[in-house]
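What Swiss-Prot records for Ser962 is active site, nucleophile, and it gives sequence analysis as the kind of evidence. The nucleoside 3',5'-cyclic phosphate 3 binding site annotation in Swiss-Prot covers 576-703. Sequence annotations record features per position, and here Swiss-Prot assigns compositional bias 'Low complexity' to 344-356, 402-413. The compositional bias 'Polar residues' annotation in Swiss-Prot covers 415-424. The annotation compositional bias 'Basic residues' is assigned in Swiss-Prot to 1399-1410. Look at Swiss-Prot and you will find 1440-1452 tagged as compositional bias 'Basic and acidic residues'. Annotation source Swiss-Prot lists compositional bias 'Acidic residues' at 1456-1470. The region 'Disordered' feature in Swiss-Prot is assigned to 339-379, 402-440, 1348-1376, 1398-1488. Marked as motif 'GXGXXG' by Swiss-Prot: 933-938. Per Swiss-Prot, the feature motif 'GXSXG' maps to 960-964. The topological domain 'Cytoplasmic' annotation in Swiss-Prot covers 56-1488 and rests on sequence analysis. The transmembrane segment annotation in Swiss-Prot covers 35-55 and is backed by sequence analysis.
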Amino acid sequence: MDVLELLRASVNGCYNTLFSDAWSQYVSKQIATTTYWYGALLAIGALFIAWFLYFKRLASLRLRDESARTLSALTAASGGDHRGLRFRKRDKMLFYGRRMLRKMKNVSGQMYSSGKGYKRRAVMRFARRILQLQRENRPLEMKTVEPPAEYLEETIDGSDRVPPDALYMLQSIRIFGHFEKPIFLKLCKHTQLLQLMAGDYLFKITDPDDSVYIVQSGMINVYICNADGSTLSLKTVRKGESVTSLLSFIDVLSGNSSYYKTVTAKAMEKSVVIRLPMQAFEEVFNENPDVMIRVIQVIMIRLQRVLFTALRNYLGLNAELVQNHMRIKGSNPVPVTVPGPVLSQASQASRAMASRPATSPVTRMSREEHTLSDPDPNPNASAMLFAEVHGDAPYIDLYHHQQQQSSGVSVGGTHRSSGACTPTGSGGESPDGTGNATITNIDQRLVQSSAVDSLRRELGLSEEDTSIIEPFVEVRELEPNVTLITEGNAEDVCIWFVMTGTLAVYQSNADATRAAKQDSKNDMLIHFVHPGEIVGGLAMLTGEASAYTIRARSNSRIAYIRRAAIYQIMRQRPRIVLDLGNGVVRRLSPLVRQCDYALDWIFLESGRAVYRQDESSDSTYIVLSGRMRSVITHPGGKKEIVGEYGKGDLVGIVEMITETSRTTTVLAVRDSELAKLPEGLFNAIKLRYPIVVTRLISFLSHRFLGSMQTRGANASSAPVEANPVTHKYSTVALVPITDDVPITPFTYELYHSLCAIGPVLRLTSEVVRKQLGNNIFEAANEYRLTSWLAQQEDRNIITLYQCDSALSPWTQRCMRQADVVLIVGLGERSHMVGKFEREIDKLAMRTQKELVLLYPETTNARPANTLSWLNARPWVTKHHHVLCVKRIFTRKSQYRINDLYSRVLLSEPNMHSDFSRLARWLTGNSIGLVLGGGGARGAAHIGMLKAIQEAGIPIDMVGGVSIGALMGALWCSERNITTVTQKAREWSKKMTKWFLQLLDLTYPITSMFSGREFNKTIHDTFGDVSIEDLWIPYFTLTTDITASCHRIHTNGSLWRYVRSSMSLSGYMPPLCDPQDGHLLLDGGYVNNLPGHLWRYCRASMSIAGVFPPFCDYRDGHLLLDGCYTNNVPADVMHNLGAAHIIAIDVGSQDDTDLTNYGDDLSGWWLLYKKWNPFTSPVKVPDLPDIQSRLAYVSCVRQLEEVKNSDYCEYIRPPIDKYKTLAFGSFDEIRDVGYVFGKNYFDNMAKAGRLGRFNQWFNKEPPKRGNHASLNEYTFIDLAQIVCKLPETYALNAVDIFSEDEDFDGYISEPTTLNMDRHRIQVPRAGNSLSFSETELDSDVEIDLELERKVDKSTQSTPPTPNKKHPSTPTSSQGNLMHLPLSMKAKDKMQILDKLEREHKRRQKSKHKRDRSMQRDSKATLHPAPMAEATTQTPSSDVDIDAKLDQLRKLQQELEQGNESEQEQEQEQEQEQGHIQEPENVTEADTKN
C-alpha cells in the first residue's frame, strides 16, 4: 500500500490502517474515562462554589443594610448624638443572668451533690437554656511545665557564711573522715600561713613530707621529677584545694621518716598556703583512739576505692601497683627465732609432701557457700558443685578443716592445730588413707611459738603482749594451688604470715566477661608473698571484701589470725592498726605514691557543680557513688539535659584528651563521691606505661560507637561529652502519697521481682536501727551511716529505701541517697497533692521522680484521669500503671504481712507482671517492641504479637508508626491478643467499604480524601483515650511538616496521633497539631520503627495525598505519616530506655536493580521501550517514584542503622506479595506473620539467642551470689570495736517479725530462703481474726515466745555432736541465746519483765483455751548473739538472779505441759497424714 494513501486515510478519519494498534486504543480509552470523571467533578465543583459565593455575598449585603438602618434610627432618636446609645433590655438580662450564675456556681454544686432541690435544679437548667450558656468541652490537656530552675542549675549559696580559711580547711581534712568540732578546733591551732611569691618552692626533693598544704589563694603547680632530670607537671592546685599524701600520713604516724623523693611544688603566682603539720593529728589521736582508727580506715578505703579503681579499671594497671620483692636464693626466709632442728624437720616434711603420690583432687567451696562464721552442715555437696565451674584448683576450707582436725577450742573460738591441710572424709581420715601424720614428727610447740612471735612483731606488739595474741594464732600446711580466699569473699578475711613457701596473689581481669571472671584460669598474677611477709591487711582494715584471690604457689606453711580475733586484739592494743596500715603501704609501688599526690577524693553535696560550661578541661572524674547530671546552656539561655552519669562512669575524659573547653555543666543530683584524675598525672602514666593508651582507645571507641548507635543522625550536633540519659538506677526511694497506700506490700512485691535480676536490698528505718543502733540517725554517726549505706549499695545492683509515712530523719536520708524517687499512690483515689508530698519535692528537687499508680486486679476498666495526677505534679517525669494482686490490698498487721511474703518469696516471680516490668525499667533491662508501617501488611503485627506472647517474651514498651501505631496502641490498651485481633479485624473491614471512601472524596488540592470517615474509624476503635491512660508505655512517631522534623508523642490524644502517623502524603491531609499548629505527616518519612489516644494514632496514619495532614490540637502543627522520617523507630525506643528491642518491619521494599541508561535519558526512548512488546523492558524510576524515594531517603538510612545495631533484633515477615491497601486479606496476612514469628523464635531458642528476651539475667553478677542476711557482709566500724561503743543490733531471725523488718535470707534471691527451714509461728492473743481489730500485739507475742524458748534452751542439756558431719554445731552452740548469771543487770531486768508478762498471760488464758483446738507448729531459730547493753541499773544482781531462777522453774513446768500436749497433737496429725512443713503455714494456722 502507498504510504501517501495511508496518511490521507488517517487524516480523513479512517483508522483501519497501520495506526489502529494497541497503544492508540489504550490511550483513547484512558483519555475518555478520565475526561468524563474530571469534567463531571469540575462542573459539580464549579456549581457548588458559585452557589456558595452567591449566598455569602447576599448575606453580607443584607447585614450591611440592616446595620445601616439601625444606626440611622438610633441617630435620629438621640438627635444625631451617638452618645445616647443604650443596650437593649434582653441583652442586659443575658449579661446579668450569666454573671449571677457564675457567682452561684458553688451553690449549684452543693445542690447537685446533696441530691435535694429538684425544682431548683430544673430552674437552673431552664435558665441556662434561655440564657444560651454553653460549656466548653475541650479535652483535658497535659500542662507543659518546665522543670524548676534547681533541676538544671547548681547551688551557689551557703558558702559565704563560713570564712574562706575555715571552709578550705574543712574541705581538705574531710578526706580523713568526720571530725567533731572540738577536734577540728584543736587542729586549727597548729595551722601556719605561708606567703609564697611566684617561683617560690612550697617543697622540694629531700624536704620532709610531714604536712598537709591547703591553698587559700593563688595557684600551686606540683611537678614530678624523672630520672633524667626533666620535670613533668602532675597537677595544678587552685584555691581551696590541697596537696597531701595519705600514704605519707601513715608513715609519719608510724614513726617512719618520710621525704619527698620525686615530687616538688612551686608557686605559679603570689599565693597564700595553709600548712597543717601531720604531728598535730598525733596529739588528737592520743586523746581519742577511736578517731585515729577511723582515720586509718578511711585512708585504706580511699586507697582501695579511689587509687586502685582509677588505675586498674580505667587505666589497665594491675601488677604495676604493687612491689614484687624477689628473694635471693640461699637467704634465710624464716625468722631467726626458729631453732635449727625445726628447719630441718620442716624441710624434710615438705619434701615428703612433694614426693607423695597425688591423691584425688581437693574440691573447694564456692564463694557463695563457703563461710568461716556459718559452717555448712554438708560441705561436700556444695564443694563438688563448685568444682565443676572453677576447675581443678583445690580449695581449703579452714573452718571445716579446723572442726575435723582439732577438738580443743581456744579463747577466741578458734582452734590451735598444725595438722596437714588435706580434706577429710568420714571418720576424719584423708582420702588416701594416710591420715594426718604428715608432720607429726615436727615439734608443734616450736612452730607455734615461732608463728606467734612473728605475727607479734608484724603487729607491732611487745613481748609482754604475747599472751594477748597467742590464743588466736593458727598454723596450716598448704599444698600447691590451694586457695586461701577468693576475690569478693568477705567472711574468710584473715591476716596471713608466710613461714615457708610462697603465696601468689591474683586478681580478675577488669575487662573479662562474666564467664571469664568465674574461671580462675583467667585471673591475672599481681605479686608473690615470700617467707617473712604478711598479706591481708587491706581487707582487714577496710572491713570490705577481699580484692584479691590468694593461692599457695608451692608447699607452704602459713600462720594466720582471723578477722574476729584481730578485732579483739585491737580492743586492747588500738595502735596495731598503724602497723597493719604501714604493712600495706610498704607493699605499694612508687607509682601509687606519686598518684596519691595527684588523685583527689571529692565529696559533692546535691546541687554542687563538678565543672561548668566553657571552663578549661584539665582533669577527668570517676563517679564512685551518687549520680551526676550533664546540662548544656544554649546561646538563648535555655538549658537542656544532655545525659546522666552513675556509679563507675567516667566524666569529662573526651574533653580532657582533646584539650577542648567544657561543653556542658555537670552537677551532682544527690550527695556523691568522685575521684579526680588530673591531666598531668594522666600524661605521666601514659609516658611510662604505653598500655594505658591502648586501654583508653578501647574505652573511647566503645563510647563513641554507643553514642553513634544511640543518637544516629543527630550525633554530630550533640556535645562531645554527651552521654544519653540512662535509666539504670542503683538506689530507689519509695514514698507513699497517703497513709492508706500499702507501701510495705508494694516494696515486697517489687523486691520479689528484682530478685530475679540480681541481689537486691530492702532497707527501712527499723532495719537500719536494728543493724546500727537506735541513735544511728544522729549527727555524730553520720560517717558510720554513710559508709554502711555506701557498702550496701556496692554489694547490690539496686537498693530499695522504703520511706516512712512522715518526714522523719530516715525519710530525709532516703531522699539524699536516692537516684530516683517512686511516688506510690492509688489510681482510683483522689489526685490531690498532700503536704507531705510537697515536702518531699523540696527535699529532692534535682532527683528524678516517677509516679506509680496502683490498681486492683479485679478492675475491668483501663486507667483514667491520669492527666489530673500528672498536672497536679509537674515535678513527675514519668508514670507507671501497676496492676496488683489481691494480697497487696488485704488489710493485715505487719507480722502477717511479713509471714505472708516469707512464703511468696519462695516462688518464682511472674515476669509478665507489671511489677516485673517496673523492675526491668529500674535496672535498665526493659524490652521494647517496635512496629513499623506498611498499610494492610500491618496485620502481620497481630500474628507476631501472638508468637511473641507464646515465646514468653515480656513487652515493657511499645512504639509504632503508621499501621504499627494502630496495632501497638491496641496492644497497650487491651493486653489481650484475642481482643486486639477482634478490634483490628473490625477496623480492617471498615477500610474495605468503598462507598464510605467515595463519600470522603474531595477536590485534590491537599489530598484525595477529606479524612472525616478515616478519623471516625480510628475514633470508634479507641474512643477518647489518652496515651497517658495506657497500661504499657507507648509512643508514636509522626512527620512534622511545619518544623520539618519527626515528632515523638508520648502523651496526648491517642486516636489523633495515630491518625497523624497514618497520613500518607497525597491521600490524606496532614494533621494539625493543636499544641503549636504544626502540620504532622506519617512518621515513616523519617523513621519507620519507633492528649487522646486516637488523635495521635490518626496523625501517625496521615498518608500524604490520601488523607489531609492532621492538625495537632495543642500547638497547631501539621502531622503526617511517620514513615516519611522513620518507619522503624528502634533508635527512638533505645533512647527512651529500652535495652533490648524487637523491631518488626512490614514496609514495602524499593527495587534497587535499575537500568544503567548512560549520561542522558530520552523520554521518547522510555516510551518506546515501555509500549513496544518486542523489546527488552527497562527499569527506570518515573517521576512519582523519584518523589517517593526522595521522601523516604532519611527513612532508608535510619533503617540500615537499625539493622546494624547490637541492641535491636530486626525481623521482617515474608509479606511482600501483599499490597498496601489489601485490607481484605487481614486473616491471611495475620497467619503469615504468626507462622513466621513462631518459627523465628523457635530457631532463636535453639540457637540460645532468646535468653536476653524471655530470661532475666544479671550482666555484672556480684562477687557473692548468696546473701543470707545483712550480717554476712556489713560495714565494720573499727573505731566502735576498739572503743567499745554501744554495739550494733545484729540482724537475725529473731528480728524478722518486727515492724518493717526483713527475713533471714530476704536480701538475696528468693531461692536462698530454702536454707531457712525453721521459723517461729506465734498465736495471736484473743480469739478473733477480724482485720478491724488492732493487731499490734503480734510483735510482743513473738518476744514472749522467744523468751520462753530461751528459758527452755538454758535449762536443756546439749546433745551429742553429729559424728557424720563434725562441722554441724551442737545444740549448745545453736541455742537462741545464753543467759549467764554474770549478765548485766539491765538485760536481766528486760528479760525478767518479759517473762513475767508471759507468765501472767498464760495463767489468764489457760482456762479459756480449748484443748481440742489444733495448735501451731513451732520451730527454733538460728543462733544469734544478743546485743550488749552499755548502762547498769541500780537493781541488785543477786535479787534478780534469784527471781529469775524462780520464774524459770515456773516456766519450765508450763513448758512440760505444753510439750506433752504438742506431742499428742502431732501424733494425731501423723495418723491423719496432715503434717505440714513450717514453710507451708497458712493464715488460718495462726488461730490461738
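The backbone N, Cα and C atoms fix where each Cβ goes, and this holds for glycine too.
Overlay of Swiss-Prot feature records on the structure.
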residue: Ile576; record: nucleoside 3',5'-cyclic phosphate 3 binding site; Cβ within 10 Å: 22
residue: Val592; record: nucleoside 3',5'-cyclic phosphate 3 binding site; Cβ within 10 Å: 21
residue: Arg608; record: nucleoside 3',5'-cyclic phosphate 3 binding site; Cβ within 10 Å: 17
residue: Leu624; record: nucleoside 3',5'-cyclic phosphate 3 binding site; Cβ within 10 Å: 21
residue: Glu640; record: nucleoside 3',5'-cyclic phosphate 3 binding site; Cβ within 10 Å: 11
residue: Met656; record: nucleoside 3',5'-cyclic phosphate 3 binding site; Cβ within 10 Å: 22
residue: Ser672; record: nucleoside 3',5'-cyclic phosphate 3 binding site; Cβ within 10 Å: 24
residue: Arg688; record: nucleoside 3',5'-cyclic phosphate 3 binding site; Cβ within 10 Å: 15
residue: Ser962; record: active site, nucleophile; Cβ within 10 Å: 39
DSSP-derived helix, strand and coil totals, residue by residue, for the motif 'GXGXXG' (933-938): 4 helix, 0 strand, 2 coil
Collapsed DSSP category at Leu624 (nucleoside 3',5'-cyclic phosphate 3 binding site): strand
Composition by DSSP (helix, strand, coil) of residues within the motif 'GXSXG' (960-964): 2 helix, 1 strand, 2 coil
Per DSSP, three-state class assigned to Arg608 (nucleoside 3',5'-cyclic phosphate 3 binding site): coil
Cα-Cα distance linking Ser962 (active site, nucleophile) and Ser672 (nucleoside 3',5'-cyclic phosphate 3 binding site), given in Å to the nearest integer: 45
Nearest-integer angstrom distance between the alpha carbons (Cα) of Met656 (nucleoside 3',5'-cyclic phosphate 3 binding site) and Ser962 (active site, nucleophile): 45
Length of the line joining the Cα atoms of Arg608 (nucleoside 3',5'-cyclic phosphate 3 binding site) and the residue listed as 'active site, nucleophile', in Å: 45
Distance, Ser962 (active site, nucleophile) to Arg688 (nucleoside 3',5'-cyclic phosphate 3 binding site) (CA atoms, angstrom): 58
Distance, Leu624 (nucleoside 3',5'-cyclic phosphate 3 binding site) to the residue listed as 'active site, nucleophile' (CA atoms, angstrom): 45
In three-state DSSP terms, the structure that Glu640 (nucleoside 3',5'-cyclic phosphate 3 binding site) belongs to: strand
The topological domain 'Cytoplasmic' (56-1488) [mean pLDDT, rounded to integer]: 71
DSSP-derived structure type at Ser672 (nucleoside 3',5'-cyclic phosphate 3 binding site), helix or strand or else coil: strand
